[in-house]
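Here is the structure we will look at.
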Amino acid sequence: MSSYENHQALDGLTLGKSTDYRDNYDASLLQGVPRSLNRDPLGLTADNLPFHGADIWTLYELSWLNSQGLPQVAVGHVELDYTSVNLIESKSFKLYLNSFNQTRFDTWETVRQTLERDLRACAQGNVSVRLHRLDELEGQPVAHFHGACIDDQDISIDNYQFTTDYLQHAVSGEKQVEETLVSHLLKSNCLITHQPDWGSIQIQYRGRKIDREKLLRYLVSFRHHNEFHEQCVERIFNDILRFCQPETLSVYARYTRRGGLDINPWRSNTDFVPATGRLARQ
């Protein structure tokens, strides 16, 4: 259980509650969650963040009417900057997108600008939005995370409660290495509903070599942990930086979609450019 799971800032969320589905545009449906909820317990404040990054959203169920009433469909790509005051709560995002369904817009650009304006207002930070026609995406191959997969280790695990203990003394040797490690076994639970969130994670670092067994045990310990996707990625980044002390570090997770949305947060303290192709489970 997260230390802020019952925080009053979460009381007003529609997540976990019965809601009506509106199909006429309503920006008030969007709800933000303060990033400070998970950053404060980690000792992180807006002026001392050890990373940069973004939350990348893919919008698969986006539709509206053109000026003549003909339905339009698109796939949306949203990048929400890490410095925003709030992250966007995903159920509210879904409800907000549903409100476009029976709303007329003159142009695709009007839709893009509307999304960008409303998301910026909710997040209180920088947001960029791109809309793709379906034929732009046809034939794109399923992507994969580059790196060494650490999942096929012959180890026994019987503890699935979150702990940072596995990262203590998880580095060895004085030689600096540079490697990229990948796991598809990341599973956490929604902060409010406790529904499972499934993801793949890529960890790039330069520093003393990290013990792969200990790293995998640490990642598996998220299995009963309740936090939003973005919060888990920041926690993982902060924990590895704290206990393993790499010179450079990048953490990037791509989660399976829910409600027509997938969330793909990344955090880094170096020059990192995330690949945005969807993975096999997305």
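Using N, Cα and C of the backbone, Cβ positions are placed for all residues, glycine too.
Feature list (source: Swiss-Prot):
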- Cys190: active site, thioimide intermediate (ACT_SITE)
- Asp197: active site, proton donor (ACT_SITE)
- Ile88, Glu89, Ser90, His229, Glu230: substrate binding site (BINDING)
- Ser90, Lys91, Arg258, Gly259: NADPH binding site (BINDING)
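Shown on the structure are the features that Swiss-Prot records.
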residue: Ile88; record: substrate binding site; contacts (Cβ under 8 Å, 6+ apart): Leu30, Gln31, Gly32, Val33, Asp55, Trp57, Leu80, Leu119, Cys122, Ala123
residue: Asp197; record: active site, proton donor; contacts (Cβ under 8 Å, 6+ apart): Lys187, Ser188, Asn189, Cys190, His229, Cys232, Tyr255, Thr256, Arg258
residue: Glu230; record: substrate binding site; contacts (Cβ under 8 Å, 6+ apart): Arg35, Asp55, Leu87, Ile263, Pro265
residue: Gly259; record: NADPH binding site; contacts (Cβ under 8 Å, 6+ apart): Glu61, Ser90, Lys91, Lys94
Practice problem: Identify, among the binding-site residues Lys91, Arg258, the residue whose Cβ has the fewest other Cβ atoms within 10 Å in this structure. | Solution: Arg258
Self-check item: Env. residues of substrate site, Cβ within 8 Å of mean position of Ile88, Glu89, Ser90, His229, Glu230 Cβ
Solution: Val33, Asp55, Leu87, Phe93, Phe228, Ile263
Quiz item: How far apart, in Å, are the two Cα atoms that lie farthest from each other among Ile88, Glu89, Ser90, His229, Glu230, the residues recorded as binding substrate?
Solution: 11
Quiz item: Including all protein chains shown, what's the count of other C-beta atoms within 10 A of the C-beta of Ser90 (substrate binding site)?
Solution: 24
Quiz item: Under DSSP, is Glu230 (substrate binding site) helix, strand or coil?
Solution: helix
